[in-house]
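Colleague: Following this message is one structure expressed as structure tokens.
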Amino acid sequence: AVFTVVNQCPFTVWAASVPVGGGRQLNRGESWRITAPAGTTAARIWARTGCQFDASGRGSCRTGDCGGVVQCTGYGRAPNTLAEYALKQFNNLDFFDISILDGFNVPYSFLPDGGSGCSRGPRCAVDVNARCPAELRQDGVCNNACPVFKKDEYCCVGSAANNCHPTNYSRYFKGQCPDAYSYPKDDATSTFTCPAGTNYKVVFCP
């Protein structure tokens, strides 16, 4: 699958992509094409902001930093909005979503690209940061309750692993971005599928 990542934000982002792609700077209006093989799983694309890197590609980002390197090999640090995917899985389908489980830094859309007969995908185009609850504000953006409070009921682990429900915080995020994962058991309204072989477009600030 080809993923076209487009920065429509009025500022520079440093796009990141694992396990394929790594990372690169995207000025306003620039795009980046990433080819991911069928069978790729646990994949993420995200935007890093406020980055400074030296000529060797080392430095740091205010949001989404992945260990201080331009070329990410591991996931980014919360808070950051995530575009997630797994290719050619059950029933020959691709599964994809936008997650704000790790918080929110930049609005995204994640849509099928081209004429595969598949047209639905998630959009989280609202600036969640503008109305972020004060206790979730971090680095000028909006974190989720799980990374902030590390409690079972927010993270759906431990005592809440099998009995996890929306919280006031996840309902806030869901109200802002109905398509996005707002808490870990939010699968029903947040996972999208297309036939394997579909190409996709991820737009920052759609």
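Backbone N, Cα and C define each Cβ position, glycine as well.
The disulfide bond annotation in Swiss-Prot covers Cys9-Cys205, Cys51-Cys61, Cys66-Cys72, Cys118-Cys194, Cys124-Cys177, Cys132-Cys142, Cys146-Cys155, Cys156-Cys164 and rests on sequence analysis.
Looking at the shown structure, can you explain where the listed features end up?
Modeller: Of all Cβ atoms in the shown protein chains, 19 besides its own fall within 10 Å of the Cβ of Cys9 (disulfide bond). In three-state terms derived from DSSP, Cys9 (disulfide bond) belongs to neither a helical nor a strand segment and is classed as coil.
In this structure, Cys61 (disulfide bond) belongs to neither helix nor strand by DSSP; it is coil. In sequence order, Trp14, Arg48, Thr49, Gly50, Cys51, Gly76 are the residues of the chain that are 6 or more apart from Cys61 (disulfide bond) and have a CB within less than 8 Å of its CB.
In the three-state DSSP assignment, the secondary structure recorded for Cys66 (disulfide bond) is coil. Residue environment of Cys66 (disulfide bond) contains 24 other Cβ atoms, counted within 10 Å of its Cβ in all protein chains.
Following the DSSP three-state reduction, the secondary structure of Cys118 (disulfide bond) is coil. Counting every protein chain shown, the number of other Cβ atoms lying within 10 Å of the Cβ of Cys118 (disulfide bond) is 20.
For Cys177 (disulfide bond), the same-chain residues that are 6 or more apart in sequence and have a Cβ closer than 8 Å to its Cβ are Ile98, Ile100, Phe104, Arg123, Cys124, Val126, Val128. DSSP assigns Cys177 (disulfide bond) to coil, not to a helix or a strand.
Under the three-state DSSP scheme, Cys142 (disulfide bond) falls in the strand class.
Around the Cβ of Cys146 (disulfide bond), the same chain contributes Leu101, Tyr154, Cys155, Cys156, Tyr183, Pro184, each under 8 angstroms and 6 or more positions distant in sequence.
Neighbour density for Cys156 (disulfide bond): within 10 A of its CB lie 19 other CB atoms from the protein chains shown. DSSP gives Cys156 (disulfide bond) a coil state; it is part of no helix or strand.
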Colleague: What Cα-Cα separation, expressed in whole Å, is found between Cys72 (disulfide bond) and Cys9 (disulfide bond)?
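Modeller: Here the two Cα atoms lie 21 Å apart.
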Colleague: Restricting the comparison to the disulfide-bonded residues Cys9, Cys118, Cys194, which residue's C-alpha is spatially nearest the C-alpha of Cys66 (disulfide bond)?
Modeller: Cys9
Colleague: Find the one among the disulfide-bonded residues Cys9, Cys142, Cys164, Cys205 whose C-alpha lies closest to that of Cys118 (disulfide bond).
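Modeller: Among Cys9, Cys142, Cys164, Cys205, Cys205.
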Colleague: Counting every protein chain present, what is the number of Cβ atoms, excluding its own, within 10 Å of the Cβ of Cys124 (disulfide bond)?
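Modeller: The Cβ of Cys124 (disulfide bond) has 25 Cβ neighbours within 10 Å.
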